[in-house]
Amino acid sequence: MPRGKYVNHKGRSRNFTSPEELEEEMKKDKEKTSRQQEESEGEDEEASGGSRSGSDSEESDDDNHKAKGVSNLIEIENPNRVAKKSAVKVSKVGSGDKAAKPELSRREREELEKQKAQLLYQKLHAEGKTEQARADLARLAIIKQHRAEAAARREAEKKEKEERKKVVIKTTHTHKQENIVETVNSKNIEDV
């Protein structure tokens, strides 16, 4: 918003009306005034019974809407302007097969390559063909061996405990029998 009540016109570019535009405007004004006069006369005639079609005046309006001045003769085009739609159409027409495969940016291409490499690595890893897979398998083999040894030790200890229990039970049975035999012998000796 300008400061104050009035607009400052300093520094603005000047607008000039070309003589062709002035002539066109004057012709239009004359035609409008003549049409208005004809319409007013036409209304008077319609009242008296005569009728006239207004389609002729409508057709003349369309003809008068031509471009003003020399602008209809000269085509102005900016040579630096790039039309994106036309460039895309040309590329599509030039390569019909390539149009189905859109060209990817560098980042998208690298992302796809990274995903493909990762899938390939996972596949090789599952088959055991990578260094890390071999190391993992070796580590797993060592762990299995340790577990098997530990299980064998546990079994041996379990069997040993069972044998000890059997020996202890036998000794207690034999001690009981000896005790029984001794008690019987002692009773016999007392009786005699």
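Note that Cβ sites are derived from N, Cα and C of the backbone, with glycine treated the same way.
Taken from TrEMBL, the feature compositional bias 'Basic residues' applies to 1-13. What TrEMBL records for 25-38, 98-111, 152-166 is compositional bias 'Basic and acidic residues'. Per TrEMBL, the feature compositional bias 'Polar residues' maps to 180-192. Per TrEMBL, the feature domain 'Casein kinase substrate phosphoprotein PP28' maps to 78-160. As annotated by TrEMBL, region 'Disordered' applies to 1-111, 152-192.
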**Study point:** Whole-number mean of pLDDT values that fall within the domain 'Casein kinase substrate phosphoprotein PP28' (78-160)
**Key:** 82
Practice item. Just give the helix, strand and coil counts over the compositional bias 'Basic and acidic residues' (25-38), going by DSSP. Key: 14 helix, 0 strand, 0 coil
Practice item. For the compositional bias 'Basic and acidic residues' (152-166), give the DSSP counts of helix residues, strand residues and coil residues. Key: 15 helix, 0 strand, 0 coil
